[in-house]
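Single-structure report; data block below.
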2 protein chains.
Amino acid sequence: MLESKFKFEVLKTQGKARRATMTLNHGAVQTPMFMPVGTYGCVKAMLPSDLKEVGSQVILGNTFHLWLRPGTEVIEKHGGLHGFMNWDQPILTDSGGFQVFSLSDLRSKIYEEGVKFSSPIDGAKLFLTPEESMRIQKSLNSDIVMVFDECTPYLIKDRPATHEEAAKSMRMSLRWAKRSKTAFEELRNPNALFGIVQGGMYDDLRIESLHGLKEIGFHGYAIGGLSVGEPKEEMNRIIEFLAHQLPEDAPRYLMGVGTPEDLVYGVAHGIDMFDCVMPTRNARNGTLFTRYGDLKIRNARYKDDMRPVDPSLPPNTSSKFSRAYLHHLQKTNEISGSRLNTIHNLMFYLHIMKEMREAIELGSFTEWVAKFHEDRARGIE
Amino acid sequence: MLESKFKFEVLKTQGKARRATMTLNHGAVQTPMFMPVGTYGCVKAMLPSDLKEVGSQVILGNTFHLWLRPGTEVIEKHGGLHGFMNWDQPILTDSGGFQVFSLSDLRSKIYEEGVKFSSPIDGAKLFLTPEESMRIQKSLNSDIVMVFDECTPYLIKDRPATHEEAAKSMRMSLRWAKRSKTAFEELRNPNALFGIVQGGMYDDLRIESLHGLKEIGFHGYAIGGLSVGEPKEEMNRIIEFLAHQLPEDAPRYLMGVGTPEDLVYGVAHGIDMFDCVMPTRNARNGTLFTRYGDLKIRNARYKDDMRPVDPSLPPNTSSKFSRAYLHHLQKTNEISGSRLNTIHNLMFYLHIMKEMREAIELGSFTEWVAKFHEDRARGIE
C-alpha cells in the first residue's frame, strides 16, 4: 500500500476494552468512538458546526447514495466529500454494498463480477463492483474506505441463512475484499482500507472470514452482518466470540450498531468504532436518549416541563431549551425541533463514549458500566 | 398608559425615508428594519443564534397560533415568549385577528363583541375579543402589542370590497382599537401598543381610520390590509398616499410586506418596520433572493456551481457552502438545506435593510435605490 499517515496506537486496556488513538489523513481521533451517519453528505438536521459542538470526530458517508446523488463528478470538483460538505475532520465511507443488497426496490442481481441493479432515481441499469466502489471512495477521498462485500442477510426466504448460504456469501466477500485491496492500491489511494468480517451467525465461518482478511491485510477490521434482524442474544454472542479475536494492533469497527447499551457492550468486548442512524433518526421522531432511560418528547407529560432533556449532560445548544419547548416544536413539526433533538441525542451518544474513554484510562471502566446500567434502568422522571 | 421604556427617535431623513432608533423593553433597535416571522415561537429552521448571526433585531410571533399551541399557561411558566424560545431581543406579536379572519376552515363569525370560531386543532368553540387578545399578548410579554382588529379583505364574494363594506369593517376595527387600548392599560402592560390603519383601498376611509387611531393614541402606527390579494399598483398607491401621513414622531409599520422591492418602496415612502414570511417560506421551497435577482436552487444549472449563492453578501454560515451543495440538499430534501437557505434569505433581507439605513445616514439613499434596482434587474448568473 501507499505510505499513509494511518497509525493506530492502543494507549490503555481494561479487560478487553481498549483506549486508543487512530491517526487518519484528516487528523487523529480518540477511540472508542461513535460516528454519526451523514448519508447524503449531511448528517440530517446538522451542520459541521453542530457536529463539532457535540464532539463528533469522524462522520460516515454512504457511497451508494453519494454515487447516485450528486455523483462523483460534482464531489470531485469540490476536492472530495470534505470540501463538498465543509467538514474538515475524518470521514469513513461504506462501500455501497449494504444498500445495493438491502434496498428492496433495486431488483439487484449478484454476479461474481459485481451487482447489477436499477437506479432508484431514474431506473437506469447500474453495475457496482469492488473496483467501482474503490473508484468512488477515492473520489470522495474518505479517510477510511470500506471493502465492497456482500452483507449476508440474517433471514433468507423468511428463515435464517443456512451454513451453506452464509459460507458461499462470505467466500465471495473474501474474493471481493481481495479485489478491493488490489483496486485500492492501483488507485494509489493514500487513505486507510478496512476489511469486513462476514459469516452470518456461524462461528467457524466468522473465523474463516477473519483469517482470509488478515491474509490480505488491512488497516482495520470491521464486523459486518450484525444488527440485520437477528435476535439481540445472537448479535451479542457473535460480538463476544469474535471482537477480541480481531487483530490487536488494528482498529475494530462494529458496523451499524446500535443502542446506548450496545455501544457499552461493544466497548467491553474490545470494539473501537461504531456507527448507527439510531440517534439521528430517532431524534427526528422525538425519541430522546438520556442517562436515565429514553424519553418520548411528544408525550403530554412534557407539555409544561421546564427541565432540559437530560440535566446530567454538559450544557449544549439543546440544553438551553426546556422539554416543554422541545415538546411544542415536535407537536408543531418545526424543523428546529429535529435539530435540537438531534443535537441532544448525538451529544448523549458522544458523551457516553467520552466517559468510557476516560473510565478506561482511569481503570474504572467496570464500575462505570455498572453505574451506567443502573442509571439507565432507573427511568427518566 | 404605564410608564414604559418605549422611545422613538428619528436620527436622519432623506426625502420621506427615515433612519430612526426605537427603544423597547428588550433593547433598542435600528430602523428601517425587517422582522422575521416566528409563527409558533420559532422562526422556521432557525434558532436564536442563527437569527442573531443574520442580524435580526426584532422577531414576530403569532398570537393566534401560540394561544392554541402551546397555550398561554405554558408560555407564562417560562416568563413569557422570550424565555420559552430563548430569544432575549424584542418580540412583536400580531393580535390574532388576521388568522381568525383569513384561515378558511375556522368557520369564524364576527360579532361586535369579538369573533367566534372553531379551533383548527380540536374543533372546540373559541371566542377572540380585543380584551382576550390583550390578555394573551400580555402573557407573551411582547415588546410590541398589536391592537385586535378586522383586516378588511381585498375581495368579498370574488369582487373588491365596497366602500360601505370597508367603512363598516374599519369602524368596527376602530371601536376594537379603543377597547384594545383600554384593556392594555387595565392589564398594566408595560410594553408598547400599536394601532393599525384599515380602510381597504379607499383613501377617505384610510384617513378616517388614521384620525380615529391618533385620537386614541398609540406608541406606533401600522398599515394593515395590504398584500391581501390586491394588485401591486393598488398596494403601492395606498403606501404612497398614506405612509407619510402617519405620525412623524412614531414608528410606522407596514404589515405582511413583502418582496425586496416592496421593502425598498416602503422605506422610500417613510415606513420603518416590515415583516413577511416570504424570505423564510421561499427558502424552504428553494427560492433564494440575491442582489442580482432570484435564484431557484433546484435548477439543474446549479448542480456543479462552486460559487456561494450571493457573493456580494458578507460571509455567513450559508456562504461557506457552494450552490452545488445547496442544490444537492434541496434535491435530497435535507432539513439542513432549509436551514442554509433560510439563513441566506434572511441575511439578504436584513443586509439590504442595513444598507438602506447606512444610505439614509450618508444621504445617498436615492443613489442606493437606483443601484439596487439596476442590480436586481441584471439577473443572477
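Every residue gets a Cβ built from N, Cα and C, even glycine.
Mean pLDDT for the domain 'tRNA-guanine(15) transglycosylase-like' (A:16-376) in this predicted model: 97. Feature annotation from TrEMBL assigns domain 'tRNA-guanine(15) transglycosylase-like' to A:16-376.
Under DSSP, A:Asp94 (active site, proton acceptor) is assigned to coil, being neither helix nor strand in the three-state scheme. If you look up TrEMBL, you'll see A:Asp94 marked as active site, proton acceptor.
Around the Cβ of A:Asp94 (active site, proton acceptor), a 10 Å sphere holds 32 further Cβ atoms from the protein chains shown. The feature substrate binding site is assigned by TrEMBL to A:Asp94, A:Ser95, A:Gly96, A:Gly97, A:Phe98, A:Asp149, A:Gln198, A:Gly225.
The annotation region 'RNA binding' is assigned in TrEMBL to A:256-262 (among others). Same-chain residues lying 6 or more positions outside the region 'RNA binding' (A:256-262) and placing a CB less than 8 Å from one of its CB atoms are 98, 226-228, 235, 274-276, 278, 289, 348-349, 352, 373, 376.
The annotation active site, nucleophile is assigned in TrEMBL to A:Asp275. Within its own chain, A:Asp275 (active site, nucleophile) has A:Phe34, A:Met35, A:Pro36, A:Val37, A:Leu60, A:Leu92, A:Tyr253, A:Met255, A:Gly256 as residues 6 or more apart in sequence whose C-beta sits under 8 angstroms from its own.
According to TrEMBL, the feature region 'RNA binding' maps to A:280-284 (among others). Using a Cβ-Cβ cut-off under 8 Å and counting only residues 6 or more beyond its ends in the same chain, the region 'RNA binding' (A:280-284) has close neighbours at 36-37, 43-46, 338, 341-342, 344-346.
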Request  = Report the residues of the chain - excluding A:Asp94, A:Ser95, A:Gly96, A:Gly97, A:Phe98, A:Asp149, A:Gln198, A:Gly225 - with C-beta within 8 Å of the mean position of the site's C-beta atoms, for the recorded substrate site, in sequence order.
outcome  = A:Phe101, A:Met146, A:Val147, A:Phe148, A:Glu150, A:Cys151, A:Ser173, A:Ile196, A:Gly224, A:Met255
Ask   = Which site among A:Gly96, A:Gly97, A:Gly225 has the most other CB atoms no more than 10 Å from its CB, taking these as binding-site residues?
value = A:Gly225
Ask   = Roughly how many Å separate the Cα of A:Gly225 (substrate binding site) from that of A:Asp94 (active site, proton acceptor), to the nearest whole number?
value = 13
Query = Taking the Cβ of A:Asp149 (substrate binding site) as centre, how many other Cβ atoms lie within 10 Å?
reply = 31
Query = Tell me, how many other CB atoms lie within 10 A of the CB of A:Phe98 (substrate binding site), whichever protein chain they belong to?
reply = 22
Note = Other C-beta atoms within 10 angstroms of the C-beta of A:Ser95 (substrate binding site) total 29
